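Note sheet for the following structure.
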């Protein structure tokens, strides 16, 4: 798997919309995956023998325009979630500096551990609303998929989930790559 044609950060400025008001959502089963209230990590692990997190990059960055309420630097982590060595999801997480020092969470020491395991195993992180986005076949996400040898014939979809910890908020964006969408349709994975 090579992603050398692009470099960290891979993310792009995205127009997110509220899932509750979303029109023209994709058909099932992708729609159910986008709106699933629980841990995407757990859902993905149920679809494979080997689940793996491949880190594309992480570090302090200024958020993209419109990506975070404050334009202060945040910790950005970008990974691929792979099922049986095939990338299914590109994930981009934004963590405010104030949360990096939280005792309950060792964000900087996650390594290849899935972030979802940490967030859904602690009551101090409360899952919030889900927003949805679609990506054209010319988007940076599509370019990333193509660099992973995944053909992009149709628009791609992703979701952004808010997580609250005390007065702080972090965002986890999960974009479904073509291999995931094809497998969901083929296996009828809801």
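From the backbone N, Cα and C atoms, a Cβ is placed for every residue, glycine too.
Listed in Swiss-Prot:
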type    : residues     : note
BINDING : 77, 115, 174 : substrate binding site
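Largest Cα-Cα distance over the residues recorded as binding substrate, namely 77, 115, 174, equals 12 Å. In sequence order, 78, 79, 91, 92, 93, 114, 116, 172, 173 are the same-chain residues whose CB sits within 8 A of the CB centroid of 77, 115, 174, the residues recorded for substrate being left out. Residues near residue 77 (substrate binding site) in space but far in sequence (CB under 8 A, at least 6 apart, same chain), listed by position: 55, 57, 58, 91, 92, 93, 95, 107, 110, 115. Sequence-distant neighbours of residue 174 (substrate binding site) (same chain, 6+ residues apart, CB-CB distance under 8 A): 40, 81, 89, 90, 91, 158, 159, 160, 161.
Counting Cβ atoms from all protein chains shown, residue 115 (substrate binding site) has 23 others lying within 10 Å of its own Cβ.
Under the DSSP three-state reduction, residue 115 (substrate binding site) is assigned to helix.
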